[in-house]
């Protein structure tokens with residue numbers, strides 16, 4: 001009996017300690033049911049994992065084709081701030097702040113005429129008055145100071161105009177003569193058999209003078225038609241009856257061949273023409289005939305920067321056809337049996353330069369007395385200097401401050417006399433170098449003496465004073481000789497002798513030539 005009780009107790013303890021699932025798994029039906037439940041739990045877990053991964057993938061593919069246009073993308077704040085910063089910089093760069101200042105703070109002229117005389121900018125002024133004058137100039141930046149009240153104040157050039165002017169200056173400096181002519185010419189002459197593209201004298205001046213903007217609508221290959229037979233249509237060229245441009249024929253207009261010839265005449269000095277004439281004067285009488293003149297013109301043209309850059313373009317019609325027949329008639333007579341003397345040709349060159357100078361002078365809009373301001377005269381002198389904008393503005397501001405209250409203006413005759421003096425700039429350079437070597441200072445009296453001795457020109461005291469104001473950097477009444485000579489040489493040549501490329505090709509040719517002609521050091525061993 002005790003043995004039976006022991007076995008029952010042992011079986012009960014074994015049943016209590018053994019896992020319940022073990023008993024369930026003993027039945028095959030229960031085993032199948034349990035496996036089904038496990039598979040369902042596993043499928044649910046896999047479905048949840050798949051849902052989470054697809055949600056993450058959809059977040060990553062917001063810009064993809066699956067969710068395109070169904071959800072708005074949230075732009076980061078950093079991107080918004082960056083876009084606002086770029087937009088602000090653009091608005092700041094294009095706005096005319098001078099005009100905004102004039103609108104918000106209009107100028108009050110209640111104190112007009114009460115400026116102290118010590119601030120006039122004459123010799124002997126103290127530094128305090130000069131600094132006050134400079135501050136007043138800075139406040140009035142962007143507006144031109146003129147001597148005469150009747151002259152209109154020029155408006156500040158806007159952002160668009162400034163970029164166009166910079167582009168046109170690059171065309172003048174680096175483009176071929178063909179493109180320069182096509183860009184600045186404005187007239188298409190309607191002839192009986194053909195149409196000819198021509199320049200007016202104003203167009204010719206605009207093509208060589210930097211900073212003058214081409215009229216709107218008259219750019220590259222854009223012209224206005226002109227029929228000389230039309231009675232109701234006339235060209236107002238603002239020329240005198242005996243103008244040198246009327247001797248070119250074509251109703252005072254300039255063809256492409258005339259354009260090349262005039263550039264050659266302007267860019268070559270008198271002495272070079274004299275040498276060329278003597279070289280082709282076979283009989284030594286100082287005269288040349290028509291054929292010899294053609295050879296002289298060809299030789300001289302090939303020595304100029306414009307001549308070396310020119311290539312005939314038959315598709316545009318801009319081919320050099322020699323000297324104009326009207327000019328040939330003017331030089332050699334209607335039957336071309338006369339001789340051309342060097343004096344007659346140099347007189348033609350002098351008349352051409354005088355007319356170009358007159359056109360430049362008239363563009364500055366002289367007052368009723370026929371004078372331009374000292375600042376306008378300084379702009380004409382520094383037109384071809386190649387200065388950076390800040391340096392040029394500094395010099396012009398110094399001239400405006402110096403002659404603000406007691407400026408007399410520059411007459412046309414004084415202007416022409418000074419440029420006649422500049423035509424002898426090489427001899428002037430030699431004379432001033434002698435003064436510099438001797439240790440003598442180059443003051444205003446010295447410059448006037450050199451002009452009288454070398455060029456036979458009497459420069460007025462006022463013109464010399466303006467020139468010294470431009471080139472006297474330290475206000476010691478001494479001329480900066482080197483800078484003055486270099487700027488004036490560029491002014492006489494009008495930038496026509498500058499290289500018409502960036503210099504890269506010339507540098508590469510020099511490198512290849514040096515590499516070709518130089519023997520390596522290792523071969524010397």
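Note that Cβ sites are derived from N, Cα and C of the backbone, with glycine treated the same way.
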Can you check which of 40-75, 76-111, 112-147 TrEMBL lists as region 'Disordered'?
112-147
Counting only residues 6 or more past its boundaries, what in the same chain has a CB within less than 8 Å of a CB in the domain 'EF-hand' (268-303)?
260-261, 322-323, 328, 331-332, 336, 339-342, 345-346, 349, 423, 426
For the domain 'EF-hand' (268-303), what is the mean per-residue pLDDT, to the nearest integer?
77
